[in-house]
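Working notes for the structure below.
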Amino acid sequence: MLHHLILFEWKFYGRKISFYVMLLSFLGFGILVGTTAGIAFPNITYNSPYAINFILGLFSLASLFPIVIIASQSLLREKDNHFEQVLYATPITIRNYFLSRFLLVFGVAVLTFLLFLMGYGFGHLMEMENSENWGIFNLNYYLNSFLLIVLPNIFLCTVIVCCTAWLSKHKMLIYLSGLGIYVLYMVSSIFSNSPLLANASPVSDSAMNLSARLDPFGMAAFFEQTRYWTALQKNTMVLELSGNLLYNRIAIILVALALLYIAYKRFRFKTSNKQKKKVEAVNELTDRKYVYTRTATKSNGKKYFISTIFSFLKIDLKSTLKSIPFVLLIAITLFIVGMEMYGAIEGGIRLPQYFATTALMINTILATIPFLLLLAMLFYGSELVWKSKSVNFSAIEHSTPFSNSALFLSKFGVLFVISLILIVVCIVVGILFQISYQYPIIDWSTYFSLFYFIGLPASFCGLVIIAFQYLIRNKYIALAISAVFLVLTNTSFGKLFGFTNPLSRFANFLHDAFSDINGFGYFPKVFSVTMLYSLSFAVLLSLLAILFFNKSVLKTKWKTFAILILPFLIMLLSGIYIFTKSGVVSEDLQLNWQQDYEEKYKFYKNKPQPSITDVKTSIDLYPEENSYKVQGTYILVNKTQSEISEVLINTSNEITWNSITSSQLTLAKKDEKFGQYLFKTKQKLLPNDSISICFNFEYKIEPLKGHQSFNAIVENGAFMRISNYFPSIGYNFDNEIEDKDERKKREMPLQDALTKVDAPLANPYNYEFINFDAVISTSADQTAISVGELVKDYSRNNRNYIQYKATTIPFRFAVSSAKYAIQKSSYNYIAIEIFYEPKHHQNILHLINSIKKTLQYCETNFGKYPYKTIRFAEISSFTRGFSATAYPATIYINEAQFHLNLSKGEGNDIINELAAHELSHQWWGNAQLQPDYREGSGVLTETLAQYTQLMLYKNEYGKEKMLEMVKLYKDMYDSEKAFSGEEPLYTSKPDNANVIYNKGLVKMYELYVLIGEENINVALKRLLKKYTFPLQPATTMNLIEELKVVTKKENHKKLDDIFKE
């Protein structure tokens, strides 16, 4: 009997074209993922076991779609068609019926994923080439991942969905069970420190062990088992069914079997006899006579149209909002948003607790709720459109005189109300978290703005979902098409498949876009323009759906379609505006540009060029306009031993250049494509001769184009690493293509190798240091902060002016501007100034105390602080890419790392760490120990700053806390070494952050244990004395030599091992 039932079900679906479309879709989806969605892990091949496990584990959630669809169709088929009593009267046993339906759903889910797996592998075969990014194709890698990760996940998902269907017999609850599984996946990702999550923080060993055991999808166990694997292991070793992975997989299967057993025992072949009790008001019979009164009705006109909408809306809202599925949706929303907010506030083992600011709550909501809303819209949208037919009421409904557009709008209205309710829930949760974490400074207007920034795109998505249902007239095909459309155009997954052009994006939500200092900045402008484009598309599709729903419209005159002209024109015009203003450049065009630049200008690499020695500039900042203007003068000196007759000036294409002139030069060529100005000298520039050039440029953020992270001229808390945009002299190596495979594909030679650690230095060495003189103006209510010493400040024409000067500093300077509060202090002769957002005052005194202790330690052990002032300036989170960054006499610190609740949480004192690390760069880097760019140069700046940070942390919190910090950094290094590569400190690449920061701190601790803090500091002081500007720069070989001087001879081998292993 079981065999016949399964065969019957297969024949039932075998006759459906939509079933084969679904199967082919998964095959095509697999090919698409295999060819375009490779997630690049450094040093890990695309078809390695590690990458395959990661991708298949991620996309195993895709099996939810066929599971939910098939379950809602097959498990409730008899109920939907009122065939239950007939079926239950047949000799089919519960066991056979139960197993046949479960095996059908499970089998289809496995089949679809196997097709996805075949497509994924085939996609890899299509893309494989003789490249470092690909390894040897090995079928075992794919099968191992499928059997250990995917198959148990599909089994668990099938059990949860089927049990929900059998026990509830409610279609919406089936959809919500799928949503609940997604929530489970996200929660497990949070607690397993999944790389899927942005800014995932390290987790403790105990937390990882617990997550590996309890994660229902096995990804935490996967991450735990491969956590410390080398690149070779990740590229060649498959997962072993042992340890926590074995425990997890067995536990998950047993739990799933238990759920299946409970559902089987509770399942009965009987229909529900429960009926709602009806309460009737019974009037006493009287002999009263009733007179029939004629009532005129009007089934057209605006009033009737509106009343029809509200009538449908009232019925649907009443049945939706009072239903158990909606209550569960609210509960799921509360749970996932609450978990995300808790995780955002608690810093984990690395960071202390964050203050529960409105900004943090807003960004958490923006990052969490959109995808949840999309899923709810998809399921409710499809159910609402087909609700009448599912309860056999559509024939009666369509016999009434109502407009299809009224019905359409009422369905949209329900989705709109659902989105508003979920937004309200999120806002309430955010406010409650702020109150419970004792930070009741609530920005009500920002919370209310979520109805615009979330409600508007959610509404447009709802319109499109309903429109697809009307156009396609097949519930599940329309649901599938809607889901694919929104995933590709509305989520970040679509960008993996090439949907990056702004015209290919639909109703995108704001994500993590709010700054406590700067608010939303210019993002609302971008949002509003893109929403106009999305609105016109949604309205156009909706009108088409309404028109084609009524087939008689096809027989009417073309004038009926004139209503489509307006939304089409709005979409066309807004699309043209977005395209022209966004300045989108494809990856191929950018690579072509880089190749052309290198081939055209590379020969200038070996041509002698003058050096910039003096920079005098005036910088006018207009934060409220998101713009600035710069005028500047360079003095160029020929520091070579050759005559110079040509000067090549390189400029940034991000900037609008007004002029570059010199009375001593003649413009020979202006290459606007590459931003190159080639000048001829009027007289040959002899060694030590100098010339001057003047330049004038300006910049304004184009909202649709966005801003570069280090060029954030925003309304408040602006930060610009503005030296990046000043003219540079000679060939620009930063314009070269770095990817080896791309260069090989284009038949380009390898890039110049990094200078070896023992390569000889030019003598005398040209540091390319400059004298800096800048007058910076900004708005009247703001203060501008730059590098060097403050010379004077004044106000004129309702603007604030500040002049800064610095001598012999690297060509690296920055500017910030904000409505700062200021706190001043001093240490001996050194003035201490803290510029901060007035709301962020909590850690100011602690920061000043940490600065004083750092100055005391560094001056005592390394030498005199080189400036009269040290200032810290807080900047907005519109600048990303660093927690803090050091410049001569000035350190900029991001608000994300500045406004922390140091008294709460289990994380480290990040303020102490940042103060120690960044302030120590006034010795290690900047204008003192400044190595040239070669192997190991990062050790002399970042690793030595890490050592200083570690010693100061020890002095503040004791050796036990220091050991905790060392363990944390060792764990971070071991977790990332497969991606960063393993290389010895003394020859490490300067951009290998995992080595010079994480490994560097661990190795400096080993050095501390070997020879002691005092000896290390003596050696470092000697290093500074011998190799500080203007003397020859140091290398790591010099560092090792100085350390050996203070190390016993019998420990020299161990010292070498620390730096060379």
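Cβ coordinates are placed from backbone N, Cα and C, and glycine is handled just like the others.
TrEMBL has this to say about the protein:
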TRANSMEM  20-44  transmembrane segment
TRANSMEM  50-71  transmembrane segment
TRANSMEM  102-122  transmembrane segment
TRANSMEM  142-166  transmembrane segment
TRANSMEM  173-191  transmembrane segment
TRANSMEM  246-264  transmembrane segment
TRANSMEM  324-342  transmembrane segment
TRANSMEM  412-435  transmembrane segment
TRANSMEM  447-469  transmembrane segment
TRANSMEM  476-497  transmembrane segment
TRANSMEM  526-549  transmembrane segment
TRANSMEM  561-580  transmembrane segment
DOMAIN    849-1058  domain 'Peptidase M1 membrane alanine aminopeptidase'
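Below 8 A, the CB atoms of the transmembrane segment (476-497) and the transmembrane segment (50-71) form 3+ pairs separated by six or more positions in the chain. Listed as Cβ neighbours of the transmembrane segment (526-549) (distance under 8 Å, sequence separation of 6 or more from its ends, same chain) are residues 404-405, 408, 412, 453, 456-457, 460, 463-464, 466-471, 502-503, 505-508, 510, 560-561, 563-564, 567-568, 570-571, 574-575, 577-578, 703-704, 706. Residues 94-95, 98, 102, 148, 152, 155-156, 159-160, 162-163, 166-167, 212-216, 218, 220-221 of the same chain, all 6+ positions outside the transmembrane segment (246-264), place their C-beta atoms under 8 angstroms from a C-beta of that stretch. Proximity of the transmembrane segment (324-342) to the transmembrane segment (142-166) is not established, fewer than 3 Cβ-Cβ distances being under 8 Å for residue pairs spaced 6 or more apart. The stretch in closest packing with the transmembrane segment (20-44), judged by the count of Cβ pairs under 8 Å and taken from 50-71, 102-122, 142-166, 412-435, 447-469, is 102-122. Counted over residue pairs 6 or more apart, the CB atoms of the transmembrane segment (142-166) and the transmembrane segment (561-580) come under 8 Å in fewer than three pairs, which marks the two as apart. Tertiary neighbourhood of the transmembrane segment (412-435): same-chain residues 309, 313, 316-317, 320-321, 326, 329-330, 333-334, 337-338, 341-342, 345, 356-358, 361-362, 364-365, 368-369, 372-373, 376-377, 380-381, 384, 441-442, 447, 450-451, 454-455, 458-459, 462-463, 465-466, 542, selected by CB-CB distance under 8 Å and a gap of 6+ residues from either end. Here the transmembrane segment (50-71) has Cβ contacts under 8 Å with residues 13, 22, 26, 29, 33, 37-39, 41, 44, 104-105, 108-109, 112-113, 116-117, 120, 141-142, 145-146, 149-150, 153-154, 157-158, 161-162, 165, 174-175, 177-178, 181-182, 185, 195-196, 217-219, 222, 226, 229, 234-235, 239, 476, 479-480, 483 of the same chain, all six or more residues outside its ends. Sequence-distant neighbours of the transmembrane segment (447-469) (same chain, 6+ residues past either end, Cβ-Cβ under 8 Å): 358, 362, 365-366, 369-370, 373-374, 377-378, 381-382, 384-386, 408, 411-412, 415-416, 419-420, 423, 426-427, 430-431, 475, 478-479, 481-482, 485-486, 490, 506-510, 520, 524, 527, 531, 534-535, 537-539, 541-542, 544-545.
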